[in-house]
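This report refers to the structure that appears directly beneath it.
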Amino acid sequence: MSHLTEDDSTIERKYVKEKKIGEGTYAVVYQGKEAATGRKVAIKKIKLGQSQAGVNGIELSAIREVKSLQELQHPNIIELIDIFSHKTNLNLVLEYLDSDLEMIIKDKNIVFMSSDIKSWMLMTLRGLDHCHKNWILHRDMKPNNLLVGKDGQLKLADFGLARDFGDPMAKNMSTQVVTRWYRAPELLFGAKQYGYAVDMWSVGCIFAELMLRVPYLPGETDIEQLDLMFRALGTPTEEDWPGFNELTQMKFQKYPKTPLKALFTAAGNDTLDLLEKMLNYDPNKRLTTREALNHPYFRNKPRPTPPGKLPKQEKSNHLNEPVSPSSSSASPY
Amino acid sequence: MSKLSLQNAMLSYEQLALTPSRKDAIPEELEDELRRLGCHFIQSAGILLKLPQVAMATAQVLFQRFYYVASMMAFSIRDIGMGALFLAAKVQESPRKIRDLINVYHWLISKYQNTVYEPMEYFGTEFYAMKNALVIAEMQILKRLGFNVHVQLPYGLMVNYLKVLELTEHEKIPQLAWGYLNDSLRTNIYVCYQPPTIACAVIYLAARICGVKLPTQPPWWELFEAELEDIL
């Protein structure tokens with residue numbers, strides 16, 4: 001219990017807030033630095049839950065974030081450096097990274113080589129693999145939540161929706177998770193119990209987005225999301241996804257399966273094979289992080305670009321970027 | 001942050017003997033009694049709120065830990081109990097409405113005091129006072145426990161141990177051992193021993209009460225990382 005001896009105000013004095021860099025539904029994010037070392041940090045100030053009747057205690061998402069990040073330490077997961085409280089606010093001190101994958105994808109001055117995409121995919125999957133190994137679901141994988149540091153390292157951030165899984169008693173998990181464009185089909189159909197496969201679907205969408213440079217399945221509503229998905233990947237049949245017919249009473253237009261090659265013209269066969277297995281309709285057949293990391297794609301040439309040599313933005317313009325619709329917070333932290 | 005351990009925090013003899021409440025001249029017997037009462041409220045409130053047992057257990061461990069870093073003089077067992085339960089429910093992914101929790105506590109306390117129960121006014125000052133106290137207590141718990149909300153519990157371990165010992169079908173032992181675990185939350189053993197030891201201890205006790213012999217060659221508890229001295 002090392003923290004017990006350390007007073008909160010001493011921790012608070014260790015960091016200096018510099019400027020506001022973003023605001024989400026439950027937090028304000030400041031850029032700051034550690035006074036002693038000059039190390040840049042992000043300070044996420046969590047607002048107490050507000051309702052008509054006044055304060056409502058600490059947000060569940062804040063608890064989830066603290067709980068998951070305390071458990072996870074990995075080069076591809078954002079580091080929780082410190083926590084302190086100020087009056088009634090909770091402040092999380094996080095590693096500062098000045099860019100994210102969404103900004104990089106949108107920056108049309110940057111050209112992606114296939115080795116760059118491989119490198120980003122590798123880092124994403126390694127971070128996610130570490131979460132899943134520790135029985136934690138991220139539940140909000142999207143380019144906006146994949147932060148990229150000056151050294152090119154990619155780190156998973158925003159664990160406000162993360163939770164433990166694998167508990168057979170955990171019924172009634174919320175389906176309103178994951179930003180719609182990256183939401184797995186079983187969630188759209190209202191599955192109350194689900195697992196690692198929901199995160200893998202999102203990674204598949206991110207993979208596609210890296211190649212296309214635009215979001216792969218940008219649905220405006222949940223129904224449109226399904227329609228886009230079926231148009232792109234074919235309407236699932238009972239054979240693709242055993243039990244599909246029992247999921248819903250809805251009748252969908254039957255779209256044929258078009259080979260991914262038609263859209264991803266420049267991609268190699270190993271790339272398409274990996275993408276197809278990540279976007280498998282049946283959550284039980286969708287790849288696990290381990291299987292994905294062992295896929296020949298990562299062993300075949302070209303070799304993934306070393307993080308330090310990945311293309312990066314000329315200058316960061318954190319605030320002016322429009323952000324994709326978000327399930328939890330607009331801020332990347 | 002990197003030094004954070006997910007294991008349950010254990011206390012030294014000094015910390016156990018000289019609690020903050022003791023320093024404020026609260027007698028040992030009174031403190032023990034208040035700890036038991038606070039835990040009793042948490043357990044009863046949890047049952048009324050239909051929370052899973054892990055939430056009540058987590059809350060009680062947080063409650064016990066809290067009074068090793070803060071005094072009962074400064075924080076009432078009602079507020080800390082409510083705060084701990086509210087927090088633990090969130091930690092265990094079964095959040096409850098703040099109003100429900102306050103109503104349940106209000107009822108429990110009036111029952112305990114043997115007064116006639118009168119529901120609180122919906123927007124009354126009493127309700128707001130309790131709510132305020134609860135929110136402050138929740139933050140205080142987090143703050144004073146270094147934001148460590150991880151509590152390892154022995155329930156799952158115990159069930160697995162019973163399976164290995166082939167005792168799951170016994171008519172009494174599993175229920176008895178489970179009950180001992182619930183009861184043990186009212187003591188300080190969660191800050192004295194790690195979950196495997198606690199799980200072994202309740203099995204040992206349950207088997208003894210039922211007169212069931214467990215293997216001693218080699219001793220069964222060695223399999224589960226426990227020392228005989230600790231179990232007893």
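Note: Cβ is positioned from N, Cα and C throughout, glycine not excepted.
Here is what TrEMBL records for this protein:
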type     : residues                                                                                          : note
DOMAIN   : A:15-298                                                                                          : domain 'Protein kinase'
BINDING  : A:Ile21, A:Gly22, A:Glu23, A:Gly24, A:Thr25, A:Tyr26, A:Ala27, A:Val28, A:Val29, A:Lys44, A:Lys45 : ATP binding site
ACT_SITE : A:Asp140                                                                                          : active site, proton acceptor
REGION   : A:290-333                                                                                         : region 'Disordered'
COMPBIAS : A:322-333                                                                                         : compositional bias 'Low complexity'
Rounded to an integer, what is the Cα-Cα distance in Å between A:Glu23 (ATP binding site) and A:Asp140 (active site, proton acceptor)?
17
I need the least crowded one of these recorded positions (A:Glu23, A:Asp140), counting other C-beta atoms within 10 angstroms of each C-beta.
A:Glu23
Among A:Ile21, A:Ala27, which are binding-site residues, the residue with the most C-beta atoms within 10 angstroms of its C-beta:
A:Ala27
Distance from the residue listed as 'active site, proton acceptor' back to A:Ile21 (ATP binding site), taken between C-alpha atoms, in Å:
20
